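J.: Can you keep this structure in mind? I'll have questions shortly.
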Amino acid sequence: MLKINVIGSIFSMYAIALLQATYLDKTYPKSVIQDAVLDTAQLIAKYKYPIETHYVTTEDKYILCLHRISNRGKPPVFLMHGLLDSSAAWVIMGPTKSLGYYLYDNDYDVWMGNARGNRYSRNHTDLNPDKDELFWTFSWHEIGVNDLPAMLDYVLKQTGYKKIGYFGHSQGTTAFWVMCAMHPKYNEIITMMHAIAPVAFMKHLKAPLLPLAQTALEAAQNRISEFMPHTKWFWKSCFLSKLTEVACVEALFQIMGRDLPQTNMTMLPAILGHFPAGCNLKQITHYLQLVENDRFCLFDYGLEENMKLYKQSSPPDYPLEKITAPVGLYYTLNDYLTNDVDVERLAQLLPNVVKKKLFPSKTWNHMALIWGIDAREAACKDMLETMKKYPYTTYTV
């Protein structure tokens, strides 16, 4: 019986692989399929841009990976991805569309971070992410308090500049608010913060799948930590047939917002080859707490632990008034995660909003300004022109 089961399993795996290969090959260009299996560094090298990989260790011993499209001597910019994403977000759509390449082509030294726990920063000096539960004890709070300061300090040391431009998407904005609220000195090194699909308040969240995530978290009872790690199996399973492809696209739209006009379907294998890139469930739990509490606050550990950690029964709000760096807010109308009403509320509380742009299309979703067909023309050029108004400190080395 065991032999029969093994043979059956092998046959099933072979059949699935054959189906997937057949559908992919018939439907998508070879170049796109190749982009799906390359990592960020390989992807950038494929398109003949100068790539470097750097590693930074945080105060709490997480080892983070940074990818650099090297333009030595030019002003540095730092790009920070969203939840379940990675540095690939800034290059995945290719040299004619992606923000990372656009900034390099306009004479910036481009550094792209990777948050702890994703496929590139799944490392620690002492803890093994596959064996040690203590590795998975962070939310996006720690990304803001520990990861961003470590990476930004490293970039400034490497480049010799005293200031840096910041581009954040989704969680990359949340972590920025945390960093500048909890470590206000970092406001001084930011020429300008470009907040793409900014997330802080989440009362008007639309994503219908997120309540299911809350149910799953409660059912898991903290037995699961890592969530949707990067695997070849995931993206391959999306391309077994037209039916599985549609199912995966629909799942994305249920989270991000439905936006067929801005979704380059030809690039779908490349997108799903890099997204999701993994995170910790505690990051999602923290966001769901914001939805429930209608506040932008630290993690809620329950009455007893809150009293120990915060000396009060509920977690304190992040002091948004301490975020004094110049901020640009870029957001859309059909974003299921970042509602325009919640962004307006954030804008009223941030003390130095210098740019606020709501894109009028009724279909643009949470990823439209990152993956969207018209993102470069509609958004990237505007961000670059705005950033030029905030000069860098003179080069120091």
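Glycine residues also receive a Cβ, built from the backbone N, Cα and C atoms like all the rest.
Below, the features straight out of TrEMBL:
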type     : residues : note
DOMAIN   : 40-93    : domain 'Partial AB-hydrolase lipase'
ACT_SITE : S170     : active site, nucleophile
ACT_SITE : D335     : active site, charge relay system
ACT_SITE : H366     : active site, charge relay system
J.: To the nearest whole angstrom, state the Cα distance for the pair S170 (active site, nucleophile) and D335 (active site, charge relay system).
T.: 11
J.: What does the structure give for the C-alpha distance between H366 (active site, charge relay system) and D335 (active site, charge relay system)? Integer Å is fine.
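T.: That comes out at 5 Å between the alpha carbons.
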J.: Under 8 Å Cβ to Cβ from D335 (active site, charge relay system), same chain, six or more residues apart: give me those in sequence order, or none if nothing qualifies.
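T.: Looking at Cβ-Cβ distances below 8 Å from D335 (active site, charge relay system), excluding near sequence neighbours, one finds A197, M256, G257, W364, N365, H366, A368.
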J.: Tell me, roughly as an integer, the mean pLDDT over the domain 'Partial AB-hydrolase lipase' (40-93).
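T.: For the domain 'Partial AB-hydrolase lipase' (40-93), the model's average pLDDT rounds to 99.
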J.: What is the Cβ neighbour count of S170 (active site, nucleophile) at a 10 Å cut-off, with all protein chains included?
T.: 28
J.: Tally of helix, strand and coil residues over the domain 'Partial AB-hydrolase lipase' (40-93) according to DSSP?
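T.: Its residues fall into 11 helix, 20 strand, 23 coil.
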